[in-house]
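Peer 1: Among the features that Swiss-Prot reports, active site, proton donor/acceptor is placed at 147, with the record citing sequence analysis. Annotation comment: Swiss-Prot describes 10, 385 as Mg(2+) binding site, evidence class sequence analysis. Taken from Swiss-Prot, the feature ATP binding site covers 17, 207, 208, 209, 210, 211, 281, 282, 283, 329, 330, 331, 332, 333. Residues or ranges marked as substrate binding site by Swiss-Prot on the basis of sequence analysis: 90. What Swiss-Prot records for 179, 240 is site 'Transition state stabilizer', and it gives sequence analysis as the kind of evidence.
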């Protein structure tokens, strides 16, 4: 199995992220991105053996299908085809139907499409990617790995909304959670770092990127998470508002805002972008803070405070506590944001290891703080969702 490769596909509404992953080591032998699908400047780029290549994707439509078709030729040209044993697809929403990775057939694809109402930006695109890959690689078994699956272990007290029960029974409204593949991976890596069995370790995993979520993981299982029915709830994010009084929506509608305008604002013009009035990028926020920008400073303060609040509240969900895991683009790389979050958790007794915090960036894992009070640590673990997708696909062969 030393050369057991999996083609991992993450199909977005106007993009296609792909990688050929060694399912044993997690190494990305080939990685690339197709973007601007549906536009005149649709293109596809990839990296192989340190060299980058980019090509234009011609044609007015079917860009997902064209890009995956080009993948067939590319993997053959690079001599990878003979070692690819499966195709793994990242699918955002599995609802209650899919609680684990499944082998894809027509019935599974149709069910993913039926869940489009729960993830209108993601599931239809995922299904397009599946259908294109099934046609392009008909001899390869294909698997769907769901962002929501890891959270299906949440108890009812955690996933049930305090709303009329028929809203759950008739419409499936409940907490589902996302970033599950990331939370799953980093919790296993954290247990290894502490030399503890995953079944006997409990963490609060903090995935901070343009999208962000916190997950309470008790003995290896998700028991609560900050994202809910959709990825809009929970933490403040790059452009998403996070938790918000739902009465505000009614108020804005009464003020003459359209439903589309309200939800565009909450999804695409809030978070770092909305509070700062400047940018959705955490790096831009930090740069502007250094120059005294008030909006950026406030955005930094709101973000770090809300993350700390969630971490503290999730101690109530755990039977024991081994530590905090920071991951995602911001969590893995932003020393000032991690430092401020831990500062806001001063009553938990975390003392920063300044050198450890400096070193744990740019792909490096490490312990960044310790709490003698809780006998716990804060650590950084770079996530690798593609590796999980590859592993779980191979396990079902």
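The backbone N, Cα and C atoms fix where each Cβ goes, and this holds for glycine too.
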Peer 1: For the recorded positions 17, 90, 179, 283, which Cβ has the most other Cβ atoms within 10 Å, all shown protein chains included?
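Peer 2: Compared across 17, 90, 179, 283, the most Cβ atoms within 10 Å surround 179.
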Peer 1: To the nearest whole angstrom, what is the C-alpha distance linking residue 10 (Mg(2+) binding site) and residue 17 (ATP binding site)?
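Peer 2: The Cα atom of residue 10 (Mg(2+) binding site) is 5 Å away from the Cα atom of residue 17 (ATP binding site).
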Peer 1: Could you list the residues of the same chain, at least six apart in sequence, whose Cβ is under 8 A from the Cβ of the residue listed as 'active site, proton donor/acceptor'?
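Peer 2: Within the chain, the residue listed as 'active site, proton donor/acceptor' has Cβ neighbours under 8 Å at 90, 91, 92, 93, 94, 178, 179, 180, 181.
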Peer 1: Tell me the Cβ neighbour count for residue 332 (ATP binding site), meaning other Cβ atoms within 10 Å of its Cβ, over all protein chains shown.
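Peer 2: Result for residue 332 (ATP binding site): 23 other Cβ atoms within 10 Å.
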Peer 1: For residue 330 (ATP binding site), which residues in the same chain are close in space, meaning a Cβ under 8 Å from its Cβ, but six or more apart along the sequence?
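Peer 2: Listed in sequence order: 208, 209, 212, 282, 337.
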Peer 1: According to DSSP, does the residue listed as 'substrate binding site' fall in a helix, a strand, or coil?
Peer 2: strand
Peer 1: Can you tell me the three-state DSSP label for residue 10 (Mg(2+) binding site)?
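Peer 2: For residue 10 (Mg(2+) binding site) - judged by DSSP and reduced to three states - the answer is strand.
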Peer 1: Just name the winner among 281, 385 (the binding-site residues) by count of other CB atoms within 10 A of its CB.
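Peer 2: Highest number of other Cβ atoms within 10 Å: 385.
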Peer 1: Which state, by DSSP, holds residue 283 (ATP binding site): helix, strand or coil?
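Peer 2: Where residue 283 (ATP binding site) sits, the three-state DSSP reduction gives helix.
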Peer 1: May I ask which of the recorded positions 17, 210, 240 is closest to residue 385 (Mg(2+) binding site) if we compare their C-alpha atoms?
Peer 2: 17
Peer 1: Counting other Cβ atoms within 10 Å, pick out the least crowded of the binding-site residues 10, 210.
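Peer 2: Across 10, 210, these binding-site residues, the one with fewest Cβ atoms within 10 Å is 210.
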Peer 1: May I ask you to report the DSSP-based helix, strand or coil state of residue 208 (ATP binding site)?
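Peer 2: Residue 208 (ATP binding site) sits in a strand per DSSP.
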Peer 1: Taking the residues the record says bind ATP (17, 207, 208, 209, 210, 211, 281, 282, 283, 329, 330, 331, 332, 333), how far apart in Å are the two Cα atoms that sit farthest from each other?
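Peer 2: Farthest-apart Cα atoms in 17, 207, 208, 209, 210, 211, 281, 282, 283, 329, 330, 331, 332, 333 are separated by 23 Å.
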Peer 1: Between the Cα atoms of residue 240 (site 'Transition state stabilizer') and residue 283 (ATP binding site), what distance do you get, rounded to the nearest Å?
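Peer 2: About 17 Å separate the Cα atoms of these two residues.
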